[in-house]
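Asks: The structure follows.
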Amino acid sequence: MTKIPMQPADSTPATFHPNAPTKTNILGMNQEQLGAYFKHIGEKPFRATQVMKWIYQHGVTDFAQMTNLSKGLREKLSEQACIELPEVMHKEFSEDGTRKWVFKVAGGSLVETVLIPADDSKVNGRKTLCISSQVGCALDCSFCSTGKQGFERDLTAAEIIGQLWVANASYMEGVDSTEWQNNVTNVVMMGMGEPLLNYTPVVSSMGLMLSDHAYGLSKRRVTLSTSGVVPKMYELYKDIDVALAISLHAPNDELRNELVPINKKYPLSELIAAAKAYVHDNNPRHKKHVTIEYVMLAGVNDSDEHAQQLVALLDGLPSKINLIPFNPFPHAPYDRSSNNRIHAFSNILNNAGFVCTIRQTRGDDIDAACGQLVGQVADRTRRSAKWQQSIKQRAANEQQSEG
């Protein structure tokens, strides 16, 4: 059974507050939390599963429409509770079928979510949702635009699971059907933020994704991507059974310290050990490998020697390698590796016995590709101002050095 940690008492708005003057947002509560809420308001805890099915399997956010609840309970919930979704500020559609939403969350901050269909011509084909876990990111990876925006705050479980709810709802717009359909088939925690630095809300949200009373996704269809928060990796496989991806991007500590600064705290030896533990100590039926993500930066990490170092580093770790062509952003200090270089790098890995794929860039025309999520639309946050100031300072320094 999946173990879902309870959210801390101050994790608003997805947590029940008995003395709060406003309505309690029950979106994002897991079965245990929602059962406790119903018990507090004088109702049977089993009502939790009924309400969860209405919210996540039928797309209902109006208590009055939850017809298997008594009229009295529906009225009580309408008075005391709410199902508050993140506000859609903007949405864009790419020519390749990719969709991007910009959400406004509590406090006015903006986060982005991306849905990538495997083939937009197939109504029932694979649709992968890339979900954000934080407003901005504190890790400051040098090749990622999100990190350059700085960190503002963690998202709540309601704000995380709400992204999935809205994505499913968007597919129902204009559909001639009286039945709700959950069209998202895969979820990847690869959007804005480092998921393991927002541990409890992220794990609780993934629990809803897996729960038979909510979305009921397969464990193999929910993936968490981490840059390497090693202590939390050891906790993760004890708390929930999902697929793991590692944002590696370099085959040695010297280079990874530059590209992924968290490596200075948790070096590659510790990261790979944690990944091996995740594979071998967890249920082997569901954890046959981890996915290794590796962005291809021209002249930085894409040489034959780097590929050979990567082969040695991953020895003994069941893994699949996903090479990601770099997606440029304004003032990025890197260029994308050439297609020939990427394929040569891939061939070395394949010849060494690894399964290596090259990610197809999707959604780059709407700034929805990997590494491009920054909440650009109507972004007036402190993060944006800080980034703009750094650009001006860099330009001033360059002019000064030229002079």
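Placement of Cβ uses the backbone N, Cα and C atoms for every residue, glycine included.
Not my notes, these are from Swiss-Prot:
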| type | residues | note |
| --- | --- | --- |
| REGION | 1-25 | region 'Disordered' |
| ACT_SITE | E112 | active site, proton acceptor |
| DOMAIN | 123-364 | domain 'Radical SAM core' |
| DISULFID | C130-C370 | disulfide bond |
| ACT_SITE | C370 | active site, S-methylcysteine intermediate |
Asks: Once near-sequence residues are set aside, which residues in the chain of C130 (disulfide bond), 6 or more away, have Cβ atoms under 8 Å from its Cβ?
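Replies: Those within reach of C130 (disulfide bond), by Cβ under 8 Å and sequence separation of 6 or more, are T113, V114, L115, I116, V188, M190, G191.
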Asks: For a quick check of packing: other C-beta atoms within 10 Å of the C-beta of E112 (active site, proton acceptor), how many?
Replies: 26
Asks: Which whole-number mean pLDDT does the model give the domain 'Radical SAM core' (123-364)?
Replies: 91
Asks: Per DSSP, to which secondary structure element type does the residue listed as 'active site, proton acceptor' belong, with helix, strand and coil as the options?
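Replies: The residue in question, the residue listed as 'active site, proton acceptor', is strand (DSSP, three-state).
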